[in-house]
Amino acid sequence: MVETGHHHQHPPAPGAVGPPPISSMAVSRGPTWPPAEQLHHLQYCIHSNPSWHETVVLAFQHYIVMLGTTVLIANTLVPPMGGDPGDKARVIQTILFMSGINTLLQTLIGTRLPTVMGVSFAYVLPVLSIIRDYNDGQFDTEKQRFRHTIRTVQGSLIISSFVNIIIGYGQAWGNLIRIFSPIIVVPVVTVTSLGLFLRGFPLLANCVEIGLPMLILLIVSQQYLKMAIPRMHMILERYALLVCLALIWAFAAILTVSGAYNNVSVATKQSCRTDRSFLMSSASWISIPYPFQWGTPIFRASHVFGMFGAAIVASAESTGVFFAASRLAGATAPPAHVVSRSVGLQGIGVLLEGIFGSITGNTACVENVGLLGLTRIGSRRVIQISTGFMIFFSIFGKFGAFFASIPLPIFAGIYCILLGIVAAIGISFIQFSDTNSMRNIYIIGVSLFLSLSIAQYFYSNTTRAGYGPVRTGGGWFNDILNTIFASAPLVAIIVATILDNTLEPRKAINERGIPWWKPFQHRDGDGRNEEFYSFPLRMDGYLPTRFL
């Protein structure tokens with residue numbers, strides 16, 4: 001991308017009479033910065049690639065970052081389903097395998113942005129609803145209950161995947177994106193990150209003696225130590241996360257073997273000890289996930305309908321992440337047809353996850369996009385190579401379980417930084433609109449506050465069993481509404497889109513930043529769209545236009 005140029009005016013003709021110049025306090029006090037499409041100090045953009053040995057290390061770093069969310073959702077859902085540590089290890093292997101496949105597909109024929117496709121927490125409420133229905137003592141063993149539950153989850157994922165496929169490849173989602181403006185993108189991207197604040201300090205505080213040192217050490221080494229030791233600048237900027245994680249993980253292991261957690265609560269042991277996951281002892285050495293590995297999927301209408309809301313929420317989450325990734329990769333904002341086809345491909349990924357036996361659908365990982373900003377490397381190749389680590393560690397279970405045993409508060413310390421970077425990227429989109437317009441300030445402020453406030457209300461009033469604030473006689477209807485309004489990104493899309501397109505939108509075209517935004521939202525609107533988002537092979541003649 002190229003930075004926006006300065007527009008110089010011709011000097012007035014001699015003797016011309018005009019209004020007296022208006023003094024600017026900003027000019028008198030120092031320089032100002034015009035809007036710039038390109039972020040400063042990015043070292044590698046979407047097309048440029050580091051050396052191969054650097055690419056491999058950076059790719060492994062992306063694998064480690066996405067692993068935390070994978071383990072977190074397995075810990076959340078597998079025990080209530082009746083699964084044991086062996087089942088949890090197998091579920092994690094399946095999730096990693098499908099994440100590798102879906103990420104590779106998205107970087108090749110989806111958005112083509114450097115985004116990792118991981119698990120979506122939007123599916124948690126519908127899955128908890130399934131767990132409740134099978135929690136009435138109708139099975140002889142917990143193993144039977146787990147198998148029956150996950151087979152029902154499989155069936156629901158398979159059917160709900162067609163929601164993404166239809167709204168994506170049918171261009172319904174693309175038509176929604178076409179009425180976006182920078183005023184809408186700001187709250188959507190920002191709350192895509194801020195809405196995950198529970199994965200930050202609240203999770204870190206479960207074991208503050210290892211989570212807080214991780215947070216502090218990463219900030220000091222990655223931001224301050226690189227200035228104190230110029231020779232190590234590049235290494236610390238790109239790889240400080242891995243170094244800090246290894247040190248704090250070793251510190252946690254020392255605390256574990258020294259008996260520091262022998263006389264603490266069970267919850268503290270689960271959060272702090274490095275040997276409480278039992279994944280190493282339970283995982284198989286070699287296990288390849290295969291279709292219908294848990295048995296034949298079970299289809300129940302009430303559970304299928306309940307998962308439709310999660311499919312829409314996952315699409316909203318991915319949309320916010322894609323816009324953030326485009327900035328951090330040095331690309332133009334993704335056109336509407338590109339976002340739409342990526343949502344359709346996301347549906348195909350959910351279909352595959354249902355077939356292979358995952359426990360949730362997929363979405364673009366916010367934390368991995370934050371890692372693009374932390375390392376300042378937005379290379380697509382790095383993400384594609386990271387899929388090799390996901391697939392490798394999903395097949396060789398013992399090796400994958402070794403890294404999956406990292407305590408979650410360590411990941412939380414990392415997420416405090418990565419999610420913050422993505423939130424700031426969302427705010428940066430405001431530069432392409434009139435930042436002094438009270439109309440824009442009103443829309444952004446109301447959208448930000450309502451999306452976070454409504455989502456927090458629904459989350460805080462949801463029980464551990466998955467009962468949300470909406471409690472009508474229809475369980476599937478409850479699941480849809482509770483899932484939709486517990487999602488800050490989707491609420492932000494709803495509120496911001498309505499306000500921005502109803503509050504004098506025609507009169508405020510320039511204020512909204514539409515002249516800058518519109519070329520990016522059409523296939524041929526900007527010449528760089530083809531450069532960043534075209535398929536690696538010329539498939540135009542073989543696929544319908546709506547799929548391109």
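Note that Cβ sites are derived from N, Cα and C of the backbone, with glycine treated the same way.
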Have a look at 60-78, 288-306 and point to the one annotated transmembrane segment in TrEMBL.
60-78
Looking at 60-78, 115-134, 410-429, 441-460, which one has the highest count of Cβ pairs under 8 angstroms to the transmembrane segment (382-404)?
60-78
Proximity verdict for the transmembrane segment (179-198) and the transmembrane segment (115-134), three or more C-beta pairs under 8 Å:
no
Sequence-remote contacts (6 or more beyond its ends) of the transmembrane segment (240-261), Cβ cut-off under 8 Å?
57, 60-61, 64-65, 209-210, 213-214, 217-218, 221-222, 225-226, 268-269, 272-275, 371, 374-375, 406-407, 410, 413-414
Do any residues of this chain, six or more beyond the ends of the transmembrane segment (441-460), have a C-beta under 8 angstroms from a C-beta of it, and if so which?
183-184, 186-187, 190-191, 194-195, 198, 430, 468-469, 482, 485-489, 491-492, 495-496, 499-500, 503
In the same chain, who gets a Cβ under 8 Å from the transmembrane segment (60-78) while lying at least 6 residues past its ends?
87-88, 91-92, 95-96, 99, 116, 118-119, 121, 124, 127-128, 131, 146, 199, 203, 239, 241-242, 245, 277, 359-360, 365, 367-368, 371, 375, 382-383, 386, 389-390, 393, 403-404, 406, 408, 410-412, 414-415, 418
